[in-house]
């Protein structure tokens, strides 16, 4: 077996002890709650038989070929989730997950040497609930013996370009918790498995490492990168996935699979394949065993040349394979027997059923020194002119709906945690966060939020989100009634983005409650559609505050034309309630008059400004021409406008067309939507706006609120016209004279920042075939350029593709509509309905000094992702209980969190348990002006108002292992030795967060009983 690997904590394969109460704290009674004890029992490492200990024996001195039987089951793509599970619409795609799992389990039970891996808990959990107790017991035994192994373990195999890190963590937690609850430590995945996502982010690897994974296997990487890795024997190495976290916290061993995730040529034995079976009867005229064995031996020898050890893998399966598992296993049984029989003739090839975990174990035991990777795997191309950078922006409406749903889910989770059981059963009925949790998890799938599914499947994704919002709205209503001591008919305006809200538009009086999911106070301008008139707005202390009614541009809404504006201040993790009343005609002059946009005369200089910022517009073109930071005395010429790339349908150089996945413009220079904009101006005491109309399908409002340190650009694009038979990919572009040396910066899943360079890859010499598409990168929350003194940052409200194709330039793709499929399997052009979609979104623009930039964009991006939730009511309802005094303002925290600290997760985990994640949201050395990149310490024990923490247990990021007992394999690298410190004992009164560190806790709590005021 060779020398065993080094491990931290318990030895691989488990020990004989359960969880010790290490890295935890007893804050109250010495008796642990039953739910907590049950959780400890499930996660006891002493029970971990399924892991490295159950791996099959290999043969030293031979080339060991690990066959990895697997299926790749998309959670929606050409068919919906339900259609895939049940096997509906076989004429679209022959695929049925329920039959796959039935068949695999049956085949595994036939022979003890057979093995299989499974990934998607969205499917497996559904199948599991439909099984008999006998079948469940049989599956538990298979898992315990390592014959059925779970890899990844998330609800889905998530996308890595269009996903926010918080949503990734949530979906992984959901899937891994199902495995923990169902199989205990036997079901603990040790390996991450992303074989189909179209490029890989550095933050994804960091998150996996923090979840306790030992390794990460990839299917798709750039074709040039792969060739280079094969030549340099770098198909496997250590990914150091953070510049801030001290190694090995974000280190993850990463391997590139030899054949994406498909079986080798001629060795596909699924009902969906056409390769002949193994015929081992020499009397048969179809006898092919000898030929297949010789082919296999040559294939194994050739593949070994690209890897460093005497172990290699072959993925035996593909999309929705194993519906008839017997076909696969019967032929692999023969292959294994026939190939291994050649050892008596001198063959040095040993083939075996295996799993990614067992393969990783052998690599670790080899005790080699591995190279280190520090960048990411974007952008991905599978051939010349074939860059998968279009999906960064595909289906922007779905991308925004997903981001809004993440926002609302955190609100729902937090209120459920703050209030406890009364949020689930209250005056408005039964509330539940689970449906939205599951819908959001499904949306992280690499064909969901990516925008790469068929239109009917996209519609179904939206349906799932909408269905999840309902139970959460009930829960939020119950919780707000409990916290405010008042029962009201709450209304959730889901269509505020298109200026529709029936309560505010039809009511003479109403109340506006804003819940703030951040751990710090937030000031925000509220905008609500109203019918023409003037209004009095009162704050939570019943004092009149400033408000304005402004006209909405006619190209925004055909029905309602006015919006009410007022400034709101909402405490940390709490709410504020404002009352609104329409004034009678007699009182109009006592309040601000309505503000209508005024046509701008070209000979006047056009400026909008407040005490912090000024934006100047070209009076001839109507375009933005300069931004000034008055606070820091910075001025930058900035021209912003909308352009579109003419989408390729294929040409003489390549047949590749632009599509849902691929971005390929016909030419490198985009076409302006218009070289000028028709403009009008709104100026009130609260806001100054320039309304720009570029065309019938493209408009924008550039606004500056009172006291705001950033410029807001609210764009409306679509339906994109295609009657000219030209597909169009629309960008918003900012041009400046900044000298940026061909460099720009993008975020990785909303967290750490990566430097990008045009026409450059850090680990190989790039042959650039697409100078536009090949320089596009995913932008989840921000992109910026800098000259070393000033920094221009643009924040997004959804994931988009972005780049800087010329010095001082920055562009983001906001919408795309295409007429041709890109030949990647969807077989449907990205038309988005017959007429196309109209999409509205926001870009927030910051101009600041480099030293101050991080403090600005970190906090603003956090507020953009987790904005206050607006809830309306008519007021005047009954008290929550007798003698209750209504509350119009509330905070769930005893004190605000420091600006460095983000409350990433606060959610119910059990009847008396909560899940808590605290995050340091600044990178190392990122902020010097305010010292925000320094470690910060806080008291968790006395942090919350509504409950008392009795016990606190620190866990890995996905909350499925105690941190003190988490065991990860150790690896030697060419960068030198790495220290492996033991987790320190937890003191809940003094929890320290280092830059970019996330700490995860499970807490046993007691909610306060409500007392009549």
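The backbone N, Cα and C atoms fix where each Cβ goes, and this holds for glycine too.
Pulled from Swiss-Prot:
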ACT_SITE  196  active site, nucleophile
BINDING   72, 74, 196, 446  Zn(2+) binding site
CARBOHYD  310  N-linked glycosylation site
CARBOHYD  345  N-linked glycosylation site
CARBOHYD  367  N-linked glycosylation site
CARBOHYD  489  N-linked glycosylation site
CARBOHYD  497  N-linked glycosylation site
CARBOHYD  544  N-linked glycosylation site
CARBOHYD  633  N-linked glycosylation site
CARBOHYD  646  N-linked glycosylation site
CARBOHYD  693  N-linked glycosylation site
CARBOHYD  767  N-linked glycosylation site
CARBOHYD  931  N-linked glycosylation site
SIGNAL    1-49  signal peptide
Spatial separation of residue 196 (active site, nucleophile) from residue 767 (N-linked glycosylation site) - C-alpha basis, Å: 24
By Cα-Cα distance, the member of recorded positions 74, 489, 497, 544, 693 nearest residue 196 (active site, nucleophile): 74
Local backbone state of residue 693 (N-linked glycosylation site), from DSSP in three classes: strand
For the Zn(2+) site built from 72, 74, 196, 446, further residues of that chain with CB within 8 A of the site's CB center: 73, 77, 157, 195, 197, 319, 445, 447
Residue 72 (Zn(2+) binding site) versus residue 693 (N-linked glycosylation site) - Cα distance in angstrom: 47
Rounded distance in angstrom between the Cα atoms of residue 931 (N-linked glycosylation site) and residue 446 (Zn(2+) binding site): 38
Residue 310 (N-linked glycosylation site) versus binding-site residues 72, 74, 446 - nearest by Cα: 72
Residue, out of the glycosylation sites 345, 489, 544, 693, whose Cβ gathers the largest set of other Cβ atoms within 10 Å: 693
Inter-residue Cα distance where the pair is residue 446 (Zn(2+) binding site) and residue 489 (N-linked glycosylation site), in Å: 39
For residue 74 (Zn(2+) binding site), the one of 345, 367, 497, 544 that lies nearest, given that the glycosylation sites are compared by Cα: 497
Top Cα neighbour of residue 497 (N-linked glycosylation site) in the set of glycosylation sites 345, 367, 633, 646: 646
Separation of alpha carbons, residue 633 (N-linked glycosylation site) and residue 345 (N-linked glycosylation site) (Å): 81
Assigned element (helix, strand, coil) containing residue 72 (Zn(2+) binding site), judged by DSSP: strand
Candidate with the highest Cβ count within 10 Å, taken from the glycosylation sites 367, 767: 367
Spatially closest candidate among 72, 367, 446, 633, the listed recorded positions, to residue 544 (N-linked glycosylation site) (Cα to Cα): 633
Among 72, 367, 446, 633, which are recorded as recorded positions, the nearest neighbour of residue 646 (N-linked glycosylation site) by Cα: 446
Densest Cβ neighbourhood among 72, 446 (binding-site residues), 10 Å radius: 446
DSSP-derived class (H/G/I helix, E/B strand, else coil) of residue 497 (N-linked glycosylation site): helix
Surrounding CB atoms that lie within 10 Å of the CB of residue 74 (Zn(2+) binding site), all protein chains: 27
